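S.K.: First the structure, then my questions, so here it is.
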Amino acid sequence: MLWGLLSLLLFAMASGTPIGGQDEDIQVQENFEAEQMYGKWYDIAIGTTCKWMKNYKEKFSMGTLVLGPGPSTDQISTASTRMRQGDCTHVTGEYQKTSTPGKYTYYNPKWDVSIQSYVLHTNYDEYAVILMKKKSSFGPTTTLKLYGRSPELREDLIEAFQQQALELGIPADSIFILANRGECIPQVTAAAPEV
């Protein structure tokens, strides 16, 4: 079963839509349909080159991400809820669509952070794998995230995600499954997205 899934993921990567420029090797979900991504997702796992996240990975727990139409047709809205330093936070924002379906960009002028997000794989009703390339004053980072429509995902999907993170050059000790401590209810709304 696992080998079949890995073969399917490799096929999807090989037959996906190539992205021009310096990200030529990144393949997004073939025939991507943004509207099918709308709705609620749970953070299942993260793989990252961000040293800060690696150092504090035990403190991260499962959160939620809700995607929907943005204020304009060239945007997608995001709302994430997660525990941070003992408080439940709710962060909202919009990502810009690009000419490549499945690729989105975001820029936060306050922190001078730019993010390119790629939906690598999804079956829309069970799981999604999203790659984020972030540039900031701290340098570039690569983060791979596994989302599920429910808080539990099949083990073979988690194993395939871990393998893909390793293939992207993410160290094994920087790939972690998020603890499910239940959903939190936010008290305050902030204004910066996190996908």
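Each Cβ is built from the backbone N, Cα and C atoms, and glycine gets one as well.
Sequence annotations record features per position, and here TrEMBL assigns domain 'Lipocalin/cytosolic fatty-acid binding' to 39-181. Among the features that TrEMBL reports, signal peptide is placed at 1-16.
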S.K.: Counting each residue once, how many in the domain 'Lipocalin/cytosolic fatty-acid binding' (39-181) are helix, strand and coil under DSSP?
M.R.: 24 helix, 75 strand, 44 coil
S.K.: Considering every residue in the domain 'Lipocalin/cytosolic fatty-acid binding' (39-181), what is the mean pLDDT value?
M.R.: 93
